[in-house]
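Annotated in TrEMBL:
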type	residues	note
TRANSMEM	12-34	transmembrane segment
TRANSMEM	54-77	transmembrane segment
TRANSMEM	98-121	transmembrane segment
TRANSMEM	127-148	transmembrane segment
TRANSMEM	253-271	transmembrane segment
TRANSMEM	283-302	transmembrane segment
TRANSMEM	322-341	transmembrane segment
TRANSMEM	353-377	transmembrane segment
């Protein structure tokens, strides 16, 4: 266990790994976008190169900036609640507007009015490549601005891990923990707003385009849209819970999160809907019912585990969690060792993975491509779980070792 006050160990393979990921992640995103619309739709094969000019449209920067500005305007509207974040190094606490779900509803109303007025929403599907290119370029430029801004930030405002002294690594991981421009918290805003709401908007555009091409959306397309809308709506309804996650409390805001939030999420998480537009799959009602059950089980575990954790953090005396068994730590906090968190150490990850499977199943089993999200998300959560383990071991010490002894399985009971 690293001693208190020691520099945070380098992650992601250090500077070389960070440089590789900054090339590999955008390349993977464009590979998936091209593969989804190609005839073979192979995950591992090289798709045909895009036609000349397919990656650029003069309308794309204007459209993308308008979208970002709209979501920023919704962020600045009066919130139903303002929550305080975790205590920072200087003992202060930042305040955050809890109005993400409000932004989702307002976006839905605007899009609905636009469609009624003749907005060709389905045409958005033809803009995915240039929009992805603009989002990628914006992520690089935004990360550079954040890096330069962090040079002027006080030491108390810097993140634990993004200040190695290596510019490539720090650019990737992010130097400043909570960069703000006026009232706008850049990381908190990007984490749940433009990317997640953009994801469901792209899904909807793909559904509309399928209806225009084939007369009506397929059952498979309806399921993918419904499942993923539920997931995004849940995240925004429970927006306050993100204030205790590693992304907010530990990671700086650099290219890793900027690209992930602004480009990777909307353009790769919509992969199943993209695949279904170009490769329609038959789906009978009995199989659709089974897939709905799988998604319901995943959501039940995911929401139950997260709600139990959040309730306990807010009020350990709440009747819903007061009877749960805990382990005391040297920090004064308690570790849940029963309920959902006595089954595995990360039951919310288990629910996430079951839902990821349900999102892919409507695409059939003839192609591996729509299962990329499940494969990627499994790798992501295993890696995140390992980072969580190290963080908790440094923070809780012997109490965490005891918790691991009492709860030996990490994500999947009796498997891992």
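Every residue gets a Cβ built from N, Cα and C, even glycine.
Here the transmembrane segment (353-377) has long-range neighbours at 32, 35-36, 41-44, 219-221, 223-224, 227-228, 231, 268-269, 271-272, 275-276, 279, 281-283, 288, 291-292, 294-295, 297-299, 301-302, 411, meaning same-chain residues at least 6 beyond its ends whose C-beta is under 8 angstroms from one of its own.
Just going by CB pairs under 8 A, the stretch in 12-34, 54-77, 98-121, 253-271, 322-341 that sits most against the transmembrane segment (127-148) is 253-271. The stretch from 12-34, 54-77, 98-121, 283-302, 322-341 that makes the most Cβ contacts under 8 Å with the transmembrane segment (253-271) is 12-34.
Same-chain neighbours of the transmembrane segment (12-34): 46-50, 128-129, 132, 136, 164, 166, 168-169, 171-173, 255-256, 259-260, 263-264, 267-268, 271, 274, 369, 372, counting only residues six or more beyond its ends whose CB sits under 8 Å from a CB of the stretch.
Under 8 Å from some Cβ of the transmembrane segment (283-302) lie the Cβ atoms of residues 218-220, 223, 227, 230-231, 234, 340, 347-348, 350-359, 361-362, 364, all in the same chain and six or more residues away from its ends.
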